[in-house]
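Novice: I am attaching a structure below and will ask some questions about it afterwards.
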Amino acid sequence: MRSHILGKIELDQTRLAPDLAYLAAVPTVEEEYDEFSNGFWKHVPLWNASGDSEDRLYRDLKDAAAQPTAHVEHVPYLKEIVTTVFDGTHLQMARSRNLKNAIVIPHRDFVELDREVDRYFRTFMVLEDSPLAFHSNEDTVIHMRPGEIWFLDAATVHSAVNFSEISRQSLCVDFAFDGPFDEKEIFADATLYAPGSTPDLPERRPFTAEHRRRILSLGQVIERENFRDILFLLSKVHYKYDVHPSETYDWLIEISKQAGDEKMVVKAEQIRDFAVEARALSERFSLTSW
């Protein structure tokens, strides 16, 4: 796992509370890449390429600065964090995120953009604790704690889940560089850069051949009508068992083959490629159209 803690700030709960209340009240709309999730998944753009409050698409900024949206003036504490904790020179986007009773399927980000993936640098900070909310990055599952500033290696296979209805609002701030860089360059105050903290990594159970056999037995019940549901079910397995999240797609393809439905096999292969291999900017994928 390359994801790691960069530092930590003490969140002022009194100042944070009205910001979180405002973000919670922003209407939920269909998200970019909404097919990656089920349940409640919400992004509120604070800085983006256009300054448009409805623009949720991440895209490369070259020779241009990220623009604040109208939401920024309603979240003064988060505005202060973004502008004083971070150096805005290479800022691409800043947004709040929330996930409740939902999972984001394993995927890779930045595959639709122009820079080398190592030039993108995503930070993630949980703003409120949700004990059943987790991230995964390659072979590791993480429970992020409020105030921890994480580098989230979104260029590798990763996922997120919240097994509860307890809100888990967070702040995601993205940077991009044109050449080699030091990760501490993202901070306005170099003293905030304090890597090396011990993360909270939940223990997972061993994954055995018997577990795999049981998963593949879903080939007896999968249909086009529940294909999407089974994908999201499979995406949760690696949070409880010590298995790589990309196995989700290997299982889905094998289960589809057992069903004897060639269109289902093709769709399983296509969602794998769309999620972790390559896709065009703004390209969408349907899990329910056949």
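Just so it is clear, glycine is given a Cβ too, placed from its N, Cα and C backbone atoms.
Pulled from Swiss-Prot, these are the listed features:
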- HIS107, ASP109, HIS158: Fe cation binding site (BINDING)
- ARG168: 2-oxoglutarate binding site (BINDING)
Novice: Does DSSP give ASP109 (Fe cation binding site) helix, strand or coil?
Specialist: coil
Novice: To the nearest whole angstrom, state the Cα distance for the pair ASP109 (Fe cation binding site) and the residue listed as '2-oxoglutarate binding site'.
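Specialist: Taking the Cα atoms only, ASP109 (Fe cation binding site) lies 21 Å from the residue listed as '2-oxoglutarate binding site'.
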Novice: Write down the Cα-Cα distance for ARG168 (2-oxoglutarate binding site) and HIS158 (Fe cation binding site), rounded and given in Å.
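Specialist: Roughly 17 Å, rounded to the nearest whole number.
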Novice: Report, in whole Å, the straight Cα-to-Cα distance of HIS107 (Fe cation binding site) from the residue listed as '2-oxoglutarate binding site'.
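Specialist: So the Cα of HIS107 (Fe cation binding site) lies 20 Å away from that of the residue listed as '2-oxoglutarate binding site'.
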Novice: Would you list, in sequence order, the residues of this chain other than HIS107, ASP109, HIS158 that have their CB within 8 A of the centroid of the site's CB atoms, where the site is the one recorded for Fe cation?
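Specialist: Output for this site, in sequence order: VAL104, PRO106, ARG108, ALA154, ALA155, THR156, VAL157, SER159, ALA275, VAL276.
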Novice: Counting only residues 6+ apart in the same chain, whose Cβ is under 8 Å from the Cβ of HIS107 (Fe cation binding site)?
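Specialist: Within the chain, HIS107 (Fe cation binding site) has Cβ neighbours under 8 Å at PHE36, VAL157, HIS158, SER159, ALA275, VAL276.
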